[in-house]
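After the structure tokens below, expect a handful of questions from me.
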């Protein structure tokens, strides 16, 4: 395989073949997630969180931060939506709703999360090449992309409307930009890195903080550490990515772009919630809904460290089983990726990102397994890359066991050829000349001839000699087989269980307590107690414009997160500007419904009477 230039001049800092792989696998992820969105989730949001954020996206699409509150607001109460003080808006930060708004504007909000999934896969393929370099880095990136495509956890989350895919894609591109900045010092990489982290912060602030913390700590260490002497440069290969000296201008661009996300978040809070530091969660549910021990909401006891660690264990346990749905642990490739050896310190730095992400959630009182271990989702990039590294290294080891010399290597090749030595000599001479003229080579373009030999101190390159074909083939075949075999078994035995209710709940009649409970335990059109039947019946049978009261047979649960859950069947399609909405969906209050109907004399009025899966639409005016 041709070794690409490593001077930052090529598109996205990767060779063209790797770019094709990155966006090719990303396109596959986009298509698969889009199919799942339609076939499994009926191209609509199901979870209260995503329904509320889609509602906010519609408010943004109307050119507002908050919509005017409707009259008789009790008819429109829904989870995680603030309806008070004459305003109507979601409790969530603006990042993900702003991205969803793009889908709303083109009439296809369902495409956004699959698109974010595709962008993540592209980023992780390029990140693998950037982190580990050479043939091995390219292969690690591609294997990581393939691992994403066989992860039901990743694909199903990318098929709904949750904010996690936006935060994941943004954080991974931010990490890619940061790592490339360390190698090239390029201003464009600095902006990409800061912008990615800023968007992640605007989408999921706590998760973004967990991902960004190891990056910012490493950035601080890199900025202020003394430059290592040339004679110690080989030791730097085993460190976290560090590369050439980055200019203060580039550091300023990276940190300034990231800080822009903080400023926008504070400004949004001030404009919507009345204070830069007041989040919508606390406006809606009170100060006990915040971060820290002693907090707790929705009737839960005050949060403790022990409880936080218990929740952490549940997330890791779910990741172990649900990341790939293999018949054995999903984390054994990750364990291989953490064995001591080449670039061990760099791999530990990569591991610090999921550790930090899960660690900050220890301080958060709430946890669930909706879609799986979703509080680890934004760190899937490092998790998949470390897993891919382990598989590729195992493939290389197997190749060595069959007696082939050498192998795919991410280490510098200065021992095998005189060419490498002569290149190093040329680079050394160039550096001497630069020193003698008093000109500092502060940017990649200032010393292009020195870059090939300078780079092994930051990023590994492939061996200069040809790798034996058998070893190279095994380095690819072994990881592919180790992915394909358990995935095939999982597809036959475990994946089907994701899409059907547990055995004791099968056959329960629609609307019954057992049927309602099963909606939280498998993926389908009525996932999480919300389905498309209501809206489909209204679109088919109602005369527009219409006012539809919704009455569901499912048992009512007096809990802040379940009280209006079936109403989400209609609220998922609700336009915030009721005057222009083709359909107004309202909670049913019996005889009191007439009060709301009187406010809309020009609308046909209907009562939907049924359950999440089916029902009848009766015209009452």
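From the backbone N, Cα and C atoms, a Cβ is placed for every residue, glycine too.
These numbers come from a predicted model, not from an experiment.
According to TrEMBL, the feature region 'Disordered' maps to 411-446. Per TrEMBL, transmembrane segment is recorded for 20-41, 98-127, 139-156, 186-203, 209-227, 248-268, 348-367, 379-402, 473-495.
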Can you say which of 98-127, 209-227, 379-402 has the most Cβ pairs under 8 Å with the transmembrane segment (348-367)?
209-227
Tell me whether the transmembrane segment (379-402) sits in contact with the transmembrane segment (248-268), defined here as at least 3 Cβ pairs under 8 Å among residues 6 or more apart in sequence.
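In this chain the transmembrane segment (379-402) does not contact the transmembrane segment (248-268) - fewer than 3 Cβ pairs sit under 8 Å.
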Mind pulling out the one from 186-203, 248-268, 473-495 with the most Cβ pairs under 8 angstroms to the transmembrane segment (139-156)?
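That would be 473-495.
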What residues elsewhere in the chain lie close to the transmembrane segment (186-203), defined as a C-beta under 8 angstroms and at least 6 residues from its ends?
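For the transmembrane segment (186-203), the sequence-distant neighbours (Cβ-Cβ under 8 Å, at least 6 residues beyond its ends) are 8, 13, 93-96, 98-99, 163, 166-167, 170-178, 180, 209, 211-212, 215, 246, 249-251, 253-262, 264-265, 268, 378, 444.
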Checking distant contacts: for the transmembrane segment (248-268), what same-chain residues at least six beyond its ends satisfy Cβ-Cβ under 8 A?
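Residues 65, 93-94, 174, 177-178, 181, 185-187, 189-191, 193-195, 197-202, 205, 208, 212, 219, 223, 276-277.
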Apart from its near flanks, which chain residues at least 6 from the ends of the transmembrane segment (473-495) lie with a Cβ under 8 angstroms of it?
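Sequence-remote neighbours of the transmembrane segment (473-495) are 136, 139, 143, 146-147, 150, 152, 324-328, 333, 388, 391-392, 394-396, 398-399, 402, 404, 407-408.
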